[in-house]
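Below is one structure; the comments refer to it alone.
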Amino acid sequence: METQERKLRTNLDTDLLKLVAIAAMLVDHIGGAFFPEIPVFRWIGRLAFPLFCYCLTVGLLYTHDIRRYLGRLAIFAVVSQPFWILAFNADDILGNLTNWNIFFTLFLSLLAMWGLTTRRWWLFVLGVLVLAFGSFDYNYNGVILILIFYFCRNKPALLAGLYTLFWIPALWGGSLEDPLALVVGGHAVNWTIFGLLALPLILCRTHSGIRIPKWFFYAFYPAHLAIIALVGWCMGV
C-alpha cells in the first residue's frame, strides 16, 4: 500500500487548486463572452486547464471508486453541454452541437489514463483517438498533461522540466493577427504560454485548510455557464 508521500510529492491541497482553477475559468469565460477585445481575461484563464488536469491526476491516485468519479464527470459533461452552447455559440446552435465542453475533455482524459494504469489498453486508445479526432477543448493535451503529472509524481524536478517543455512550442506558435497573442519585441507568442503559470501552484505544497463540498465544483460549471448565457441574452450579446 503506497503512502501519501510516495504517491505524490507535489501539492495535495487540491481544494485550493480547484478554487484557483474555477476562478481562472470564470475570468476566462467572462472575457470570452463579454470582453473579447481584452486579452488579459483569456490569459488568466490558461491557468484553469492544467490545474484541472493535475487535480484529476490526484483523483486517479486517491479516489476509492474511479468509476463513480468518471460517472460524475460524464453526467455533468452532458448536463453542461446546452449551457455551453448557449453561453458561447447561441447564434449557431446547430453548428456547435458537436463542439464539446471541457468536461468531456476531462472525462475522456481520465478514462484514457485509467485504461493505461489498469492495462485496459483499449480504453487508453479509445480516449486518445476520440479526443484527437473530435471537437474538444485542448483535445488530447489533457492526456499528455496527466501522463506528465502521473509518471513524475515522485520527481518534482522532472515534472517541472517536462511541464515546461510541453508549453515551449507556444513561444513560436503565435500570430501577430491573433488579438490574444502576447507580443514581445514584435514577436507573437501563443497565448497558451500562460499555462506555465500553474506550475508553482502544482509544485508548492500548500496547506490552506480549505474544504469545498464535493458537488460544488461539478455544479458550478453548468451554473456559471447558464448565468453567462442569460446575461448575454439580456444584453443582446
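Backbone N, Cα and C define each Cβ position, glycine as well.
Going by TrEMBL, these are the annotated features:
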TRANSMEM  16-35  transmembrane segment
TRANSMEM  47-63  transmembrane segment
TRANSMEM  69-88  transmembrane segment
TRANSMEM  100-116  transmembrane segment
TRANSMEM  122-150  transmembrane segment
TRANSMEM  180-203  transmembrane segment
TRANSMEM  215-233  transmembrane segment
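Counted over residue pairs separated by six or more positions, the transmembrane segment (100-116) shares fewer than 3 Cβ pairs under 8 angstroms with the transmembrane segment (16-35), which leaves the two as not touching. Simply put, out of 16-35, 47-63, 69-88, 180-203, 215-233, 47-63 has the most Cβ pairs sitting under 8 Å from the transmembrane segment (122-150). When each of 16-35, 47-63, 69-88, 215-233 is checked for Cβ pairs under 8 Å to the transmembrane segment (180-203), 47-63 comes out on top.
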